[in-house]
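Student: So Swiss-Prot lists these for the protein:
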BINDING   8, 11, 91, 137, 140  CTP binding site
BINDING   8, 11, 91, 137, 140  ATP binding site
BINDING   21, 23  Mg(2+) binding site
DOMAIN    226-327  domain 'HD'
């Protein structure tokens, strides 16, 4: 029995990055032998075990054979006769197909070290095309390793996979899983650039793909292209360290601009409503989790109005806080403002734009939530009277503390 560290742990160590998870391949063993040594079996589809002390994953060396479409259409063969080189051959990229033995010696049959030095994402073998998830993984690695480029022959293979309909067989949960990981990488825009370059974006996220080439008013969007704007927005969200729900909302806030009637371009009247409609279909199709879905819909619907707050009377500002459910969900409202911040600063030349109204809105929200609605309600005789009295008390508190319209308060 021989044990090797493989995959991301070896890759990241060679890149000088922190090693998070360590995976191992075991050559020349059987499931029975692993159990006898105290390893705990956890693999459902192939033999994977947890170390009795470290709880790191140890997988028996295996080969895979394509038996059908999609990422589940595989037959796995694990056997003591399977060699390390055979196991590494089934990996997606050369930089992930490097092994290290217990003495620190590298086993690199597919020249992954050379590709690390050259900063190239290259497929190990033609078997790459058997698993469409690998297209998403390559795109995600491009977002993580921002100095790496996709090898020409790998991009060509990915295009052929898309043309052959392989990505159409992907299950929604797996698409979302990879997109979510990619959005949390260093430069998410690179994931979508790679997916667009190979044609996968049009198949997986047509609502996003059609934004590229759609013009916006140059005065407000010097970058002009709506798709370029969205890429700037998600990269700003990444630099700011915003959460996944905020990044997903940033990605999808302008989907409606892709269906703006040509005769009104570069204006996008009513794009918020169209964005909501497209987004409802997208989140249902990909089975997006509720926290991401709810924030994205909120941002798509209201992101334009937040920039009008400075012109509003106190009562109108309060209605805006009610429309966004800020009083009941202040944490989500903060996330809403974060996505709007990314939208405002994700524009060429506006990266450092001051947004004084945003912290002011949070102050006003905090003030409004201190108004004792319960005490006011006890003095009223009907639900309508309660609603009106509470609203009036909140407006009075706002006007006592701030000068409206707020644009005068912030200069």
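Quick reminder: no glycine exception, Cβ is built from N, Cα and C everywhere.
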Student: Roughly how many Å lie between the Cα atoms of residue 91 (CTP binding site) and residue 23 (Mg(2+) binding site), rounded to a whole value?
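Tutor: About 13 Å separate the Cα atoms of these two residues.
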Student: Considering only the binding-site residues 8, 137, 140, which residue has the minimal Cα-Cα separation from residue 23 (Mg(2+) binding site)?
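Tutor: With Cα distances computed to residue 23 (Mg(2+) binding site), the winner among 8, 137, 140 is 8.
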Student: Quick check: with 8, 11, 91, 137, 140 left out, which same-chain residues have Cβ atoms within 8 Å of the centroid of the CTP site Cβ atoms?
Tutor: 7, 92, 93, 95, 96, 141
Student: Taking the Cβ of residue 137 (CTP binding site) as the centre, count every other Cβ atom within 10 Å, in any protein chain shown.
Tutor: 18
Student: For the domain 'HD' (226-327), jot down how many residues DSSP puts in helix, in strand and in coil.
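Tutor: Counting residues by DSSP class gives 77 helix, 0 strand, 25 coil.
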Student: For residue 140 (CTP binding site) and residue 21 (Mg(2+) binding site), what Cα-Cα distance in Å is obtained after rounding to a whole number?
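Tutor: That comes out at 17 Å between the alpha carbons.
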Student: Under 8 Å Cβ to Cβ from residue 11 (CTP binding site), same chain, six or more residues apart: give me those in sequence order, or none if nothing qualifies.
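Tutor: Listed in sequence order, they are 95, 96, 98, 112, 116.
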Student: Could you state the CA-to-CA distance between residue 8 (CTP binding site) and residue 21 (Mg(2+) binding site) to the nearest Å?
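Tutor: About 8 Å separates the two Cα atoms.
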Student: Return only the integer: C-alpha distance in Å from residue 21 (Mg(2+) binding site) to residue 137 (CTP binding site).
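Tutor: Per the Cα atoms, residue 21 (Mg(2+) binding site) and residue 137 (CTP binding site) stand 17 Å apart.
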